[in-house]
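The structure appears right after this line, and notes come after that.
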Amino acid sequence: MKRLPVLWLLLWICAVYSVGIYLFVGGFLLVRLEVNRTSTCGDVLQPGEEPADFCRVRPRFRRAVLLIIDALKIDFAWFDPDNAAPRPYENKLPVLEETVASRPAHSRLYPFRADPPTTTMQRIKGFTTGSLPTFVDVGNNFASSAILEDNLIHQFGQDLHTVDNGILQHLYTTMVGDDWDVLVAHFLGVDHCGHRFGPDHPAMADKLTQMDGVIRSVIDRLQNDTLLVVMGDHGMTDTGDHGGESQKETDAAIFLYSPSPLFSSPPSQSEPDVVPQTDLVPTLALLLGVPIPYSSVGQVLLPVFPPHGQTEGAVGGLSQLEALWINAKQVNRFLETYSGMAKDIPPESLSQLKAEFSRLSSEYLATVQQGRPPPPQLAASLQAYLTSVRDTCRATWARFNPLKMAAGLVILALACLACLVLSELSDVLLREDGPGLRGPVVAALAAAVCAAAAQLRSRGHVEAVWCLAAAAFSSELLFLWRARRCGTAGGEKSGPGGAGWPTLRRLLAPHLLVPLLRCASLLSDSYVIAEGRAVTFLVFSLALYIPIRLNWDGLLLPPSHDPLKAAGILPPPALAPSTVRKEGFTLLACLGLLVGVLYLSLSFHACREEQGACQPSPFLSPLSRLQDSRLKNLHYVLSVCALALWTYLLRRFLRHYGNLNAASGAVFAARWVLPLLSVCLALYWAVSATPEDSFRNLAQLIVLAQRVLPRAAFCLVALGLSLIWLDPLTVFTKTRAAASTRSPPPPPPARYRASTGISPEAELHHLIPQIYQRMRRSLDDGELSRGAEEAGRPAVEAYGLGTVYTAPLLLLCGLLGVGLLLLHPEGMALSFLLLMLEMGALLHIHASSSTLSGPHAACAGGFNVPWTTVVLWSLAATQFFHATGHLPTFPSIQWGAAFVGFPDGHTGTVLPASLVTLNTFASHILFSVACPLLLFWPLVCEVRGGRAGRAGGEEGEDAVMEMRLRENPRQFSSALLQLSTRYLFILGAQVFASVCAAAILRRHLMVWKVFAPKLMFEASGFLVSSASLLIGVTLVLRVDVAVGRWFKRLIPDASR
């Protein structure tokens, strides 16, 4: 078997796909140039005659306390005294409304609106820099040190105390001291509670009540020169998630308070209904007497500044008009700097803003120089100018790079074509005289060097992305040109039915129309919104096509009696009637099972915001959120039963085919690691569902178990995967006594079977005395018996060799499935069980259809897996993405997966990001790793029916199952490469369709709500799927190496 060529070709095609995705995403996602400049107190803002604008007056406040309560939505802050039956999150922060009512001059409570994306890191960036984080910044949610621009915290220097773990142990003692300017306390408990339990849970009431006590204690300790700001960074949905742009996610709360008067007048109709988060930065900067960060585009909150001419009563500070003037000059300075660096603001908009600022400057300076009171509309005009700048920046930063987008589209299109060609010409390309990858790789390196040299000569610097683009494009073109030549020659040699260059007629075959229709549908926002149900319908339709096509060809039912065939005039049927009936019944039974699984899987879907009256599945809620103890116990029992059935079915298969008898690492993983992993998971579910106050004496033990059990499960998964890789063989060899030299050699067995089981009886059923043609000849000649007698080696009785490739691959999927289930809510155990049943149904439908097709499939070539099956497999991966509670939206991301085993959070970013990724793309991982099973399963099921040529009274050869692949190594390599590239082509076509939809509809109203998230999820899913597919293929190649060594130890001259 040609292992390295297969692996290198797959790595190359995945690499060019990745380059295309990287290029397009880099040109499509919203980006802006970061201005790495810092404001200082000595800055002179133009126009003006003041020596400095910042820090020129005595600040209103000397210190500030910022209490950031993560996910403090505005609904949590309101207090309704008439609400007699409040929900768990209502009326739990009475201190806010009490303070506003009793001390209106000292406090205010406002809705605090965030710009999407509503992820924590982006919101912190927004209200510390005053800038507008773009869509691409959502990728930095785990990179908490990614704020590079000038920000409010930087302006205070090093006098910053950020407390996270043990906040309450340090907060009050820090406030008593006098060695700080600003104190920031970031409370994560409300956000964690929302992710784990949701807002409508008693645990949320306890956490909000705790925050109420914290705010009261801080208020009691404040001094007159200190400002208190209590705020949330974002809100949350009814399920406790966030990340999108719905009002429940964007509307947080902000509470301002000071022991000294903060507002010059009581609340009035002129006050803002909502405070944008960007407005906090300039407001705090001017109140505390520090420079406004350079890149801020927010505007000051006017109610906290006294009207013009009424500053005498304030201890220092600026009037409303003075604050607006400094704010406008600072924003104008940023606008001029940015427009000079980026050149992306439309010239007409820029000229209008400059003209408006020039007019306002003349009016303001004339008013100051003449000493007359400013006109009433001046302040409103300055506010309108600041709003216009922010709106212009927001629209400008929704910009695209057309050149990168076009390059990405071209490279992705060529990658899809190359992948399709590779699948159709896999046998030709793997020949000794095939084109190989040496030429494309050399061309790629040369093109990259040329691109780098051209950039150095023209620009003076090198942008690596264009070097990658040149390398990918040149390698694709050269590969397609050489494949075209080989494909033409190969098609002429193999005839009209053989492999050849893909034509339009082949692409429009019925089995490819379904993925083409799905790709076209990605241009519709309605389809993307309803994708979960639409893909379920497509799986059902394509699965139904298989028996209909078999029946159309007359292969589903046994042929009627024909006297010409009975007389021998016509050839006999390829399969015996009993075999046809058995396989037809199996196919229809599995089709019925598939329909049932598809119907039940709809019970596990989540709901998008656009779906209105849709109700999410109750199984998406963790057991800890359920209040009804009976319902909680029922869900737990169902989940444990599903987990037990998952483990039992996997071990039952391995036992049935004799794969649990060897003394190998893989068998140890199946016998011990898998059951222990399931027990750990069941115990963790029980512990995590137990309220911490249920057993007060065991509270610490419960908290410890919530950490230890998941980490033990992670270690067991790692141990099992390592054992499978290091020792993947599950073959048991039985020693047989050598024949005496004085007695005649025993006759060779009359028949040879692949082992399908081992039993304690003396006569073992389904034996493999030998599998291999050369071993068979050796036994027939008596050479093996003599060799065994001379060398002391055991003669050949092997169990589990017929499923030597399938067994470790199934075991790998089983361990991965349980490990991925650990990152999901407990109720998803039922969905994972349905996933396993659907996999089994699809595999058996494929095996039965292959057997019924008989010589028709053989004529198509070797062990090739048909397109219909590959398309079904890829659609099933997408279907179970939705059936495990996921959606292509950011609010649907199950962030709680990052805290499984780590309830106190993480110090780094790689681990939580990895856990969330594994949770989100669990179905993609399982179906991709298991993809090679499509090649092996018809051979595994060979013992049910037999191969062509066994009917009609002829004694054909017995089933040797997967060893048939060892007897045809070239066809094995070709079939494995063809299956992998066909699967990658379907996934790549979906990515290409998403890319086209995002490019064509980039100015569509729903682009950032529907199409951009879909592109992100589709591209990420492709990268995860391709990596998982490589893992599955690599394991197959690893098993093939181990099988070759096993045969070499057994018969040195028989191994291949």
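Cβ atoms here come from the backbone N, Cα and C positions, even for glycine.
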Do you know which of 444-463, 504-523, 804-823 TrEMBL annotates as transmembrane segment? 804-823
TrEMBL annotation of transmembrane segment - which of the ranges 61-80, 921-940 it falls on: 921-940
Who are the long-range neighbours of the transmembrane segment (983-1001) in its own chain, taking Cβ under 8 Å and residues 6 or more past its ends? 10, 13-14, 17, 21, 24, 28, 405, 408-409, 412-413, 415-416, 419-420, 423, 515-516, 518-520, 522-523, 870-871, 873-874, 878, 928, 931, 1007, 1011-1012, 1014-1015, 1018-1019, 1021-1022, 1025-1026, 1029
Check for me, if you would, whether the transmembrane segment (634-654) reaches the transmembrane segment (830-847) - at least 3 Cβ pairs under 8 Å, residues 6 or more apart in sequence. yes
Considering only Cβ pairs under 8 Å, which range in 6-31, 584-602, 830-847 makes the most contacts with the transmembrane segment (1021-1039)? 6-31
May I ask which of the stretches 666-687, 804-823, 830-847, 921-940 has the most CB pairs under 8 A with the transmembrane segment (584-602)? 830-847
Count the CB pairs under 8 A between the transmembrane segment (830-847) and each of 6-31, 666-687, 921-940, then give me the winner. 921-940
For the transmembrane segment (6-31), the distant same-chain contacts (Cβ-Cβ under 8 Å, at least six residues beyond its ends) come to 134-136, 397-412, 414-415, 418-419, 422, 429-430, 437, 440-441, 465, 468-469, 471-472, 475-476, 973, 976-977, 980-981, 984, 988, 991, 995, 998-999, 1002, 1012, 1015-1016, 1019, 1022-1023, 1026-1027, 1029-1030, 1033-1034, 1037
